[in-house]
C-alpha cells in the first residue's frame, strides 16, 4: 500500500519519499524471504536446523533485506536531520538524485554483505565454526555482519533524532525570548520525540533478541540436538519480531493509517473520475 500510494501520488515524489518507498521495498523483501524460510521449515524442519545448501539462498536474501532496512532507517534519520538543521541546509540540500544515489548505495552494500555466504563464506564443508541457530552460516560471519550493523541501527538514529529535538527546542526558546510563542515548534518537537521513541522501541524489540541469539550462538559449545527445541523456538520468535518491524515501519516512517486511507480514497476517486471522463 505504501509503495503504490507513493508512486501514484505526485505530491509525494520528494527526496524523503524515495527513501520511504525504498524502506517499504526492503520490508517487502524481508517478509518474502521470511515466508520462504518458513515454508522450508514446514516442509523439512531438519533442513533449517542442521543446515544445507538449499538454506544459503533464502538466508542470504533475508540478511540482505534486513541490512537494506537498517541502512534505509539510518538514511532517513540523516535526511531528517539535514532537513531540520538550518545551518547545514544552507550549505547542502538533499535533492531527489541524492536520495536515488543513497538508495543505490544502500542496496549495493546490503547485497555485497548479505551474499558473502553465497560467495564462499559458509560452513558447509567445515563444522568447527558452524552456527547452531543459522546453519550453514559461520559464526564468524554472523558476528561480522551483526555487531557493527546493530550498533549503527541504534546509535545513528539516536544521534540524529536527539539533534533534531535539540534544534527544535532551541528555536522554540529563541522565539519565546523574542516574545513570540510558536506552537509549530512545540508541536513538531512533541511529534519528533514520540516518533523517535517509537522507532527506538521498535528497533530494540526487533533487533536486540536477534543480537542476543547471535551472542549466544557464538559463546555456546553445544550441538544442535542439545539445544532442541527451546533455542529454535527463540530463533523463530526473533524472526517474527523482525517481521513485526516490517509492519511497523510504514506506520512510523511513512503514512499514518488515516492518512494512508485518505490517499487511497483520493486515488480511487481520481480513477473513477478518469473512467467517467473516458466513458463520456
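Glycine is treated like the rest: Cβ placed from N, Cα and C.
TrEMBL lists transmembrane segment for one of the ranges 232-255, 256-279, namely 232-255. Beyond the transmembrane segment (99-119), the same-chain residues lying 6 or more positions past its ends with a Cβ under 8 Å from any Cβ of the stretch are 15-16, 18-19, 22, 56-57, 59-61, 63-65, 67-68, 71-72, 75, 79, 136-138, 141, 145.
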